[in-house]
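Encoded as structure tokens, the structure appears first; notes follow it.
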Amino acid sequence: MSKILVFGHQNPDSDAIGSSVAFAYLAKEAWGLDTEAVALGTPNEETAYVLDYFGVQAPRVVESAKAEGVETVILTDHNEFQQSISDIKDVTVYGVVDHHRVANFETANPLYMRLEPVGSASSIVYRMFKENGVSVPKELAGLLLSGLISDTLLLKSPTTHASDIPVAKELAELAGVNLEEYGLEMLKAGTNLSSKTAAELIDIDAKTFELNGEAVRVAQVNTVDINDILARQEEIEVAIQEAIVTEGYSDFVLMITDIVNSNSEILALGSNMAKVEAAFEFTLENNHAFLAGAVSRKKQVVPQLTESYNA
């Protein structure tokens with residue numbers, strides 16, 4: 001079989017990068033596939049910290065599979081086509097390893113799919129290493145651990161599955177790190193946003209969801225102080241409005257998450273703000289509102305928006 005590109009979603013986070021790099025290695029070792037891990041964007045601050053810590057080179061960034069002369073791909077940490085490579089509909093999806101909802105996904109041929117409602121795609125990839133009797137190199141254990149820490153906010157997010165806890169402990173041992181100490185330093189590295197422009201800030205960790213025919217962009221930034229982000233509200237709103245016009249979003253929802261106190265502020269703009277307010281049972285004042293206890297886009301934001309938009 002010819003080369004297969006393995007990649008996570010656009011605007012890759014630590015789980016997208018870690019799961020794709022590790023799975024590409026596993027696919028070679030376990031099944032003899034000619035795989036290459038690539039990325040659909042440059043690493044964010046948190047992921048750059050992870051790669052540097054474990055001495056792993058960032059995957060090269062690609063925009064099109066066809067431009068690489070590749071006809072076959074494997075997706076990790078996503079399945080929705082609008083979150084994937086630009087020519088996803090023109091290539092063969094060989095397999096998917098994911099922990100999100102399945103939506104806007106269709107293939108012409110059968111494929112391998114591994115979907116589990118766990119805290120991270122990295123958790124699933126680690127299990128697949130064990131199932132296939134493949135040892136996890138120290139640096140890949142570090143990447144997989146980081147993906148799990150990132151997606152579950154160090155196992156504090158409601159997306160954390162009971163099985164994620166022993167996985168985190170095992171990966172920390174394999175990676176040679178203290179779970180709590182490394183996890184906190186890693187998460188803090190991702191909150192250093194002062195050098196980011198407003199346009200960059202709203203695109204660090206952003207995904208587009210098709211909700212009842214509407215293109216809704218849901219972005220998330222982590223911080224240790226929500227007010228640091230809200231102090232830039234004016235320029236952030238300008239960037240959001242530009243993104244709405246340029247990309248054709250109906251609505252843009254920015255989730256500003258306090259990783260210390262496990263709360264979020266929702267900043268939202270667009271044409272369906274009544275639906276956004278109904279989703280969270282709050283009232284937007286000056287385009288934002290507090291959402292107590294919310295840290296997970298996947299579990300505490302997207303399902304609520306989906307229900308509201310479909311009502």
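Using N, Cα and C of the backbone, Cβ positions are placed for all residues, glycine too.
Sequence annotations record features per position, and here Swiss-Prot assigns Mn(2+) 1 binding site to His9, Asp13, Asp77 based on sequence analysis. In this structure, Asp13 (Mn(2+) 1 binding site) belongs to neither helix nor strand by DSSP; it is coil. Remark: Asp13 (Mn(2+) 1 binding site) has Asn44, Glu46, Thr47, Asp77, Gly147, Ser150, Asp151, Asp205 as non-local neighbours, by Cβ distance under 8 Å and separation of at least 6 in sequence.
Marked as Mn(2+) 2 binding site by Swiss-Prot on the basis of sequence analysis: Asp15, Asp77, His99, Asp151. The number of other Cβ atoms within 10 Å of the Cβ belonging to Asp151 (Mn(2+) 2 binding site), over all protein chains shown, comes to 29.
With respect to their backbone Cα atoms, His99 (Mn(2+) 2 binding site) and His9 (Mn(2+) 1 binding site) stand 12 Å from each other. Neighbour density for Asp15 (Mn(2+) 2 binding site): within 10 A of its CB lie 30 other CB atoms from the protein chains shown. For His9 (Mn(2+) 1 binding site), the same-chain residues that are 6 or more apart in sequence and have a Cβ closer than 8 Å to its Cβ are Ala16, Leu40, Asp77, His78, Gln83, Ser84, Lys207.
What surrounds the Mn(2+) 1 site, by Cβ distance within 8 Å of the Cβ centroid and not counting His9, Asp13, Asp77, is the set Gly8, Asn11, Pro12, Asp15, Ala16, Ile17, Ser19, Thr76, His78, Gln83, Ala121 from the same chain.
Apart from Asp15, Asp77, His99, Asp151, the residues listed for Mn(2+) 2, the same chain places the Cβ atoms of Gly8, Asp13, Ala16, Ser19, Asp98, His100, Gly119, Ser120, Ala121, Ser122, Ser123, Gly147, Leu148, Ser150 within 8 Å of the centroid of those Cβ atoms.
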